[in-house]
Amino acid sequence: MTTLAIDIGGTKLAAALIDKNLRISQRRELPTPASKTPDALREALKALVEPLRAEARQVAIASTGIIQEGMLLALNPHNLGGLLHFPLVQTLETIAGLPTLAVNDAQAAAWAEYHALPDDIRDMVFITVSTGVGGGVVCDGKLLTGKGGLAGHLGHTLADPHGPVCGCGRVGCVEAIASGRGMAAAARDDLAGCDAKTLFIRAGEGHQQARHLVSQSAQVIARMIADVKATTDCQCVVIGGSVGLAEGYLEQVRAFLMQEPAPYHVALSAARYRHDAGLLGAALLAQGDTL
């Protein structure tokens with residue numbers, strides 16, 4: 001059965017046809033509408049889906065935000081603008097005329113990465129470090145989404161009670177410090193205004209402040225992983241995202257994790273599917289892998 005998988009992100013919309021063997025074909029991408037209005041997103045999704053829908057039998061969506069009863073929500077409502085409470089599933093069912101499933105993008109990515117692991121791994125956690133910090137948890141072979149879709153939002157656990165205010169309203173969230181956005185917000189002097197990509201370049205050149213910001217991010221993620229190990233007793237943690245997959249970052253996280261007491265150590269690995277993980281995970285779920 002061919003699935004039309006859609007990935008809805010903050011900057012781009014992606015779609016592809018995925019068969020039962022997880023082969024991807026006919027990929028399409030469009031920019032996410034800057035206006036963040038329901039009409040703009042609806043029209044963009046229609047343009048994205050229309051050339052592909054005739055060859056699909058179902059639709060699977062991996063989206064930023066929280067998916068609750070088919071509607072789009074967020075811990076930080078400002079991130080969605082006018083899209084708060086957008087009827088995502090209903091909209092795609094109308095556009096495509098096909099049964100539709102929707103799940104958070106990090107949860108979907110976790111499910112894809114879980115399927116890439118050896119069969120004896122039943123408990124794993126996926127962490128994406130990018131513009132924000134997100135995650136997904138698989139426990140005893142089942143993806144945890146939670147009653148309200150909140151499960152796995154690890155970036156909104158506490159890192160520093162005296163840290164910066166997070167967009168979700170809490171003080172000192174992991175995301176507010178360790179994410180690409182958090183790193184950029186903390187940059188000062190000649191690094192002020194630099195994005196995370198530039199900070200990594202400058203760190204590679206030996207810039208002390210840039211090196212500190214990258215190191216601080218890695219340490220915060222390592223401490224969060226120790227907390228996750230204590231909470232889930234997971235067998236492994238898979239790291240993805242543009243920051244998480246940046247050169248040398250995973251090695252720094254691993255080094256900081258090794259400084260924690262031994263019971264909190266856990267195997268770390270880089271994401272296999274990278275930017276396709278959300279599409280593949282959503283397709284897997286739609287093709288019959290239950291939550």
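Note that Cβ sites are derived from N, Cα and C of the backbone, with glycine treated the same way.
If you take the C-beta of Gly134 (ATP binding site) and look for same-chain residues 6 or more apart in sequence within under 8 angstroms, you find Asn104, Asp105, Ala106, Ile127, Thr128, Gly152, His153, Leu154, Gly155, Gly241. Sequence annotations record features per position, and here Swiss-Prot assigns ATP binding site to 5-12, 132-139.
Taking the Cβ of Cys168 (Zn(2+) binding site) as centre and 10 Å as the limit, one finds 18 other Cβ atoms among all the protein chains shown. Feature annotation from Swiss-Prot assigns Zn(2+) binding site to His156, Cys166, Cys168, Cys173.
Spacing of Gly132 (ATP binding site) relative to His156 (Zn(2+) binding site) is 10 Å (Cα to Cα, whole number).
Thr11 (ATP binding site) carries neither a helix nor a strand DSSP state and counts as coil. In sequence order, Leu75, Cys166, Cys168, Arg170, Cys173, Val174, Glu175 make up the list of same-chain residues 6 or more apart from His156 (Zn(2+) binding site) whose Cβ falls under 8 Å from its Cβ.
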